[in-house]
Amino acid sequence: MRPSKRAADEMRAISFERGVSKHAEGSCLVKFGDTHVLCTASLEEKVPGWMRNTGKGWVTAEYGMLPRSTGERMRREAAAGKQGGRTQEIQRLIGRSLRAVVDMQALGEMQITVDCDVIQADGGTRTAAITGGWVALHECLRWMEARQMVRVEKVLKDHVAAISCGIYEGVPVLDLDYAEDSVAETDSNFVMTGKGGIVEIQGTAEGVPFSEEEFGALMKLARSGIDRLVSLQKMAVA
C-alpha cells in the first residue's frame, strides 16, 4: 500500500493555473499534489553571443527552491555564492526538454528563459517544472503571437511533459511523492513528447538492481502518465 493510498498507476492531483505573474510574458503555477512550482517565461529580443546572426532563437531554463519549500529551511544558494550540482543538473534537464519541441528557426533571434521556482516540495519537482514550464512557454509564445512576432504552432512543435516512476515495496508505481521517493528501491524520471517521443530517461536503483521487465513496467506507467499530463496541458492552454 502506498503511503498516499493511491493505486499503483494513479497520479497525484494535477493542476495548471495560467497568468499568475503580471510581469512575465508567460506564467503558470503547476501543482503535482503538494509539489508546487511557479514557472515564468521571459522574452528577450536578443540571443546569446554564440547564436548571433544565425537567424535562430534559444530557449533556456533556470531552477531554484525557496528556503522553506522543504521540511526544514534550506540555505539560499545565492548566500553560498554558487549553485549546487543538483540545481545545475535539473535546470539543464528542463532546458533540454523544452528545446526538444521548439523550432528555433521559427522563433527567430530571440531568447525565452523559463524560470522554475519551487514553492513547496513533496517529490517530483523536476517533472512538475518541465510540465508546467511547457505551459508557461506556450503562454509566452501566445503573448508574442498577439503582437505578430511569431505563430505559436510554427514555433512549438509538440507538447513535452515529465513524470516520475519507481519501484516501491516491490511494486512499480507512478508519480512518487517524497514519502515514496525517499525509500523507493528504484527511482526514475521520464520526459516524453505528446507524440510519444522520448526526450530523456533517468533511472537509478538503490541497493537492488532492477530488471529489464521492471523497466518495461515503469515505461508503460510513464507513457500512461505522460498521456494524461498532455491532455491536461491541452485543457490548460485551450
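Just so it is clear, glycine is given a Cβ too, placed from its N, Cα and C backbone atoms.
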Binding-site annotation, Swiss-Prot, phosphate: partner of GLY124, THR125, ARG126 in ARG75, ARG76, ARG86, ARG151: ARG86
Taking every protein chain shown into account, which of the binding-site residues ARG86, ARG126 has the largest tally of Cβ atoms within 10 Å of its Cβ? ARG126
Apart from ARG86, GLY124, THR125, ARG126, which residues in this chain have a Cβ no more than 8 Å from the mean position of the Cβ atoms of those residues at the phosphate site? TYR63, ILE90, VAL118, ALA121, GLY123, THR127, ALA128, ALA129
Max pairwise CA distance, angstrom, over record-listed phosphate binders ARG86, GLY124, THR125, ARG126: 13
